[in-house]
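Asker: Summarising the annotation, TrEMBL assigns domain 'Tetrahydrofolate dehydrogenase/cyclohydrolase catalytic' to 6-121. The domain 'Tetrahydrofolate dehydrogenase/cyclohydrolase NAD(P)-binding' annotation in TrEMBL covers 140-285. The annotation NADP(+) binding site is assigned in TrEMBL to G166, R167, S168, I232.
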Amino acid sequence: MTATVIDGKAFAAKVRGKVAEHVARLKSEHGITPGLAVVLVGEDPASQVYVRSKGKQTVEVGMNSYEHRFDADISETELLETIRQLNNDPDVHGILVQLPLPKHLNEDLVINSIDPAKDVDGFHISNVGLLGTGQKSMVPCTPLGCLMMLRDHHGSLSGMDAVVIGRSNIVGKPMAQLLLGDSCTVTIAHSRTKDLAGVVRRADIVVAAVGRPEMVPGDWIKPGATVIDVGINRVDKPEGGTRLVGDCQFDSCAAVAGAITPVPGGVGPMTIACLLANTVTACCRANGLAEPQGLTV
Ligand SMILES: NC(=O)C1=CN([C@@H]2O[C@H](COP(=O)(O)OP(=O)(O)OC[C@H]3O[C@@H](n4cnc5c(N)ncnc54)[C@H](OP(=O)(O)O)[C@@H]3O)[C@@H](O)[C@H]2O)C=CC1
Ligand SMILES: Nc1nc(=O)c2c([nH]1)NC[C@@H]1CN(c3ccc(C(=O)N[C@@H](CCC(=O)O)C(=O)O)cc3)C=[N+]21
């Protein structure tokens, strides 16, 4: 193996350390404790795991964690009423509605009912528009975590060829915006892309956000390129039980890449750290205080 393995778990711990310092200062100097509310609809077991680790880490950095769990058959009206209450609650600085929502709920309507200033996922149309026009916004956590790791590894990304595989609103599109903001030449690939292998082979930076276990093989990777693997896929082990794999074949990609993020221990922990960072940022903005440096773009 030649690639540097980018340790997202260790990087995330550093980000949480910075978050904890800011939280301590907000408390001692201003008597404010940042609060994050997570709304979970239904019983999706994978979602429950994320919600638990988010809640635990929120408390560990000194913030308040609020959880609102609902049965999968909750009405849209009731969910919107909950969000209205959280919007009006001065102790809540960040609101996250876990996605995907059950089919009978209009995801766009629900997300856009969140106060944009409390939208720590950065999914509200006004934050999407602000990001797209280069204005100050809440930046989606997963792409933000990826950008932090890329900047840490490369310093400047200016002029690099970046390929993002996946065009979802929560990962692919905002990732492409951030890379463009850092002056990469950005290509967004998706399920209709012709010659995906050829497109990926040109890239200095590959961000894979597809949701297909190990679909990117090492022979698609340009020697020395940086591979950011966003995929979180649970697959069966031959001996029974399951394991997590990314969207890239780790061993074959690591053999040619210059740097690569592992799964688990790469993008995932950074996503949660960035969620906490966004909550502190939102809290400072809400109270007219100076924003913490280095926790957002
Ligand atoms: N680490 C983390 O913190 C997070 C990880 N994830 C993981 O990242 C992955 C992607 O998530 P998300 O963006 O929500 O997924 P979506 O399913 O919303 O989007 C997947 C994208 O991949 C594209 N795609 C599907 N098949 C192919 C193919 N064969 N070739 C090229 N492109 C393809 C789709 O194209 P099209 O639009 O044409 O259908 C789509 O744009 C998942 O594994 C998810 O679990 C997600 C969020 C956070
Ligand atoms: N509104 C909303 N915002 C999200 O940010 C959001 C969401 N909905 N829905 C689901 C996806 C997925 N997601 C992950 C976050 C952390 C890990 C993570 O920490 N993963 C660990 C492994 C965890 C394990 O072992 O299961 C790792 O990669 O090392 C994974 C996935 C956030 N998402």
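The backbone N, Cα and C atoms fix where each Cβ goes, and this holds for glycine too.
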Asker: Note down the number of other Cβ atoms within 10 Å of the Cβ of I232 (NADP(+) binding site), including every protein chain shown.
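Answerer: For I232 (NADP(+) binding site), the 10 Å Cβ neighbour count is 20.
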Asker: Mind giving me a neighbour count for R167 (NADP(+) binding site)? Other Cβ atoms within 10 Å of its Cβ, every protein chain shown.
Answerer: 17
Asker: Could you give the mean pLDDT over the domain 'Tetrahydrofolate dehydrogenase/cyclohydrolase NAD(P)-binding' (140-285), rounded to a whole number?
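Answerer: Here the predicted model's pLDDT, averaged over the domain 'Tetrahydrofolate dehydrogenase/cyclohydrolase NAD(P)-binding' (140-285), is 98.
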Asker: Provide the three-state DSSP residue tally for the domain 'Tetrahydrofolate dehydrogenase/cyclohydrolase catalytic' (6-121): helix first, then strand, then coil.
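Answerer: Split into helix, strand and coil, the domain 'Tetrahydrofolate dehydrogenase/cyclohydrolase catalytic' (6-121) gives 60 helix, 19 strand, 37 coil.
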Asker: For G166 (NADP(+) binding site), which residues in the same chain are close in space, meaning a Cβ under 8 Å from its Cβ, but six or more apart along the sequence?
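Answerer: Listed in sequence order: G172, I188, A189, H190, V207, A208, A209, V210, G211, V230.
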Asker: Could you check which of the binding-site residues G166, R167, S168, I232 have their CB within less than 6 A of ligand 2?
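Answerer: Near the molecule: I232.
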Asker: If you pair up every Cα among G166, R167, S168, I232, the residues annotated as binding NADP(+), what's the maximum separation in angstrom, rounded to an integer?
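Answerer: This binding site's residues have a maximal Cα-Cα distance of 16 Å.
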Asker: For S168 (NADP(+) binding site), what is the tally of other C-beta atoms lying within 10 angstroms of its C-beta?
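Answerer: By my count, 16.
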Asker: Could you give me three numbers for the domain 'Tetrahydrofolate dehydrogenase/cyclohydrolase NAD(P)-binding' (140-285), the DSSP helix, strand and coil residue counts?
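Answerer: Split by secondary structure, the domain 'Tetrahydrofolate dehydrogenase/cyclohydrolase NAD(P)-binding' (140-285) comes out as 59 helix, 30 strand, 57 coil.
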